[in-house]
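What TrEMBL records for this protein:
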- 20-40: transmembrane segment (TRANSMEM)
- 46-68: transmembrane segment (TRANSMEM)
- 91-111: transmembrane segment (TRANSMEM)
- 142-162: transmembrane segment (TRANSMEM)
- 183-200: transmembrane segment (TRANSMEM)
- 206-227: transmembrane segment (TRANSMEM)
């Protein structure tokens, strides 16, 4: 699967399944690629191995899940204002979250194993290496053809999903807006991180460019969410101090 964001689209059908966390499913379906984003470069794909599943994907996936729930999601709710009440989320335990992460990881490994030259299914099923036709002077094998097909399908599903969401927002006349100050702060953070990573890594090829952009987005989201959390806590503590002083004076 060439594009990381296409992976979650193949588990959308599990969104309303009981005892499964949709958030953890999505995180699990993309977490094996996070090792690329963390170092802004193509890694040795440790997260795509059996050992990597237990030593990287699941532990780091749990960290990302709880960071999202406690830091990132609350930040998004404030930065991106939408006067629409969130549906009551299911109260799931640790094991259910872990199972959801594991299922997401397995879906990622399955599609990568089917569409990558080093994929275990490509090695185990020789017919996937069959030459189908030549395109722009390059041989198109079956697994590369599937690589493009699944990515195209995933992208279409993703566009359809967000289009339906936007339509629903407009249909119910929800007010949706992003505060300009927050937008400028996020954009500035992204451009700063991207420019630093670009000068350090000097990417060559579209895959490395994609990893550079993905890594910059990852660090921007986490960094800005932490900044917002600290700023909010500081503001609350300052307000409490002011209130205490006023009570003392009174």
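The backbone N, Cα and C atoms fix where each Cβ goes, and this holds for glycine too.
Not measured: the values here are computed from a predicted model.
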Counting Cβ pairs under 8 Å that sit 6 or more residues apart, are there three or more between the transmembrane segment (91-111) and the transmembrane segment (20-40)?
-> yes
Best-packed against the transmembrane segment (20-40), counting Cβ pairs under 8 Å over 46-68, 142-162, 183-200, 206-227, is stretch 46-68
Any residues 6+ beyond the ends of the transmembrane segment (142-162) with a Cβ under 8 Å from its own?
-> 1-3, 5-10, 12, 111, 114-117, 119, 122, 127-130, 132
Positions on the same chain near the transmembrane segment (206-227), where near means CB under 8 A and six or more residues out = 2-4, 33-34, 36-42, 67, 71-72, 75-76, 185-186, 189-190, 193-194, 197-198
